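**Q** Just passing along the structure, written as structure tokens.
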Amino acid sequence: MGPRARSSPRRRWTRALAVAFLPLILSGFAPRPRQKLGLPGASAQPRPAPSSLFNWSHLTPLELEDRAAGLEPQSPGGRKPCFTLGGHKFQVFGGSIHYFRVPRAYWGDRLRKLKACGFNTVTTYVPWNLHEPERGKFDFSGNLDMEAFVLLAAEMGLWVILRPGPYICSEIDLGGLPSWLLQDPKMVLRTTYSGFVEAVDKYFDHLISRVVPLQAQPPLPGLRSPGLHSPDSSPRPPLARPPLPGLHSPSVCLSQYRRGGPIIAVQVENEYGSFAKDRSYMPYLQKALLERGIVELLMTSDDAENLLKGHIKGVLATINMNSFQKRDFKLLSYVQSNKPIMVMEFWVGWFDTWGSEHKVKNPKDVEETVTKFIASEISFNVYMFHGGTNFGFMNGATDFGIHQGVVTSYDYDAVLTEAGDYTEKYFKLRRLFGSVSAIPLPPLPELTPKAEYPSVKPSLYLPLWDVLQYLNEPVMSNTPVNMENLPINGGNGQSYGFVLYETLICSGGSLRADVHDTAQVFLNEVNIGHLHDHAKTLTVPTMTTCQLLRILVENQGRVNFSWKIQDQRKGLTGSVTINNTPLQGFAIYSLEMTMSFFERLRSATWRPVPKVCLGPAFYLGTLKVDSSPKDTFLRLRTWNSGFAFINGHNLGRYSIMGPQGTLYLPGAWLHPEDNEIILFEKRKCGSYIQTTDEPVL
């Protein structure tokens, strides 16, 4: 998904002309009686006739045995185009859940609620940056176990539409692309530039070998990928996996592969029409997927304005939209005639950025739009059914003249809340789906319990300057080095967090530096000002003795949409000058704040918290819960800006800028009784860390 395309109503003259000169007769939308067409207009709330009730109980991953045909677009003569699955007429009722934004312990709960609402399909992105944090080092474990999520969806009776990128947008850092790509000064992302294509090929070699066994149909015989198999090798065998938590027996997991998996469609990249810098790029990705064994239906995804630029020959074009718009469907019919319609993203809410207002969408509008989709026999995917959380440093950013980081909560005003609770949208959609279902919907799963725990007053703290000895050795450089090009992490640089630059100066004057995204500037341990994209200078006071200049730079999230993804290097991205004289001799500390870092901090000598505490520091306290931990929300009313960590888990960023006022704390990450809570506060200490059983968004 891409924010620019959805930030305002589209009224561009080019689009108006395109619509005006479309043929009068378009597939599925020629003038005809409204009752026969199934489009809204005859009544405010068109409903299918009782004879049109859906019964897909035999069309589930565990029930459908004949896998000769997958999800296919059909154009029966004289009738409306439709999808079939296994040869049976099928309409996708999809909802988006991103496994990487939901604690693994709660995957089952969220998928059960999706099924109980009446959906038959789950869609998810696959984030390259999280799965390959360093070149050639892949992580599909724990909360990133994509295969486990897909198989669990199958066990719940849900089909899967996979959106593997490589670019996914998704309001995630750099749109899901790994930051180490930016080490190449000539890199051109989302094109057939050799450095980008080579990295994508290696990633797809690994990723698609995991995806192929999860498809609904077996791969075609004889497929080989030069990057994946040697000339005389056999295709990779089905993955041997232990039974997943919640599955009934070990044989269930294996039967997925013998009978076919739950993936019925795969998306090629994401909203490329809004980017469209290289005509060869999308066909290259299409070929890359096919050569590696993808046999399911391929789709593209674009908003109406960019359909013409984003679709590929031989791939089903789908559309993204905010509401039911007949003119958008006409544009889609112009791109591809006589094909069933799929709305890949129907936006039921929106994301928030720091300093903006919390965005919501009327539940009645959502219900009315989905009603029209069903009556018009349009397949759809609700974005988001459940948004989840931008835990850690994964959030992206927007930049329409000013850089704004996406907030930690990805609640999205979705059908389920960030914490998995029901909403008015959920109940409206469940009533709607129940009214068109020939069989009863599953019973509602119980709510996830919430709790409010005693407030925590941190008793110990460590100023950042005391912490430096527990970091890895600093990088010594004559000039500043940006975050991505630091020679750390096996040559892959630093992806997230903070970077501290230190150098000795002996005179004051006008300091100038290009910082991304924001920086605190210190003389020794005294804060003398702040820098950011639109404030690149400050005055350094005169001094009688040399002092240590310290610049602490925070990466607040890389832009995830638009051409600006090309220029998202963080930290200091050029020389630092005083009175136009470049400074030299820097010690550069990387503050990635990983689990191993906090383990080292346990051996540190923490100090009692003073009455007045300024500047960046770590604050330690103990959150006491009962023997059965429950979900809660941290409330940091008296604190300023920073990050919260519970038992080593990074809950994400908090800020007085708002709109978000609480941080979601999953009960699954809490221990019975005592829990270590650490805040990294950038500016000044607060008093108490409170909890509440309701979010403030």
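Keep in mind that glycine also has a Cβ here, set from the backbone N, Cα and C atoms.
Quick paste of what TrEMBL says about this protein:
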DOMAIN    83-217  domain 'Glycoside hydrolase 35 catalytic'
DOMAIN    255-434  domain 'Glycoside hydrolase 35 catalytic'
DOMAIN    493-592  domain 'Beta-galactosidase 1-like first all-beta'
DOMAIN    616-675  domain 'Beta-galactosidase galactose-binding'
REGION    219-242  region 'Disordered'
SIGNAL    1-28  signal peptide
**Q** By DSSP assignment, list the helix, strand and coil residue numbers for the domain 'Glycoside hydrolase 35 catalytic' (83-217), in that order.
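**A** Counts, helix then strand then coil: 64 helix, 25 strand, 46 coil.
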**Q** Below 8 Å between Cβ atoms, which of the listed ranges 83-217, 255-434, 616-675 makes the most pairs with the domain 'Beta-galactosidase 1-like first all-beta' (493-592)?
**A** 255-434
**Q** Counting each residue once, how many in the domain 'Beta-galactosidase 1-like first all-beta' (493-592) are helix, strand and coil under DSSP?
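**A** Tallied per class, the domain 'Beta-galactosidase 1-like first all-beta' (493-592) gives 5 helix, 53 strand, 42 coil.
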**Q** Going by DSSP assignments with H, G and I as helix and E and B as strand, what are the residue counts for the domain 'Beta-galactosidase galactose-binding' (616-675)?
**A** 3 helix, 32 strand, 25 coil
**Q** Over the span of the domain 'Beta-galactosidase 1-like first all-beta' (493-592), how high is the average pLDDT in this prediction?
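**A** Mean pLDDT across the domain 'Beta-galactosidase 1-like first all-beta' (493-592) comes out at 97.
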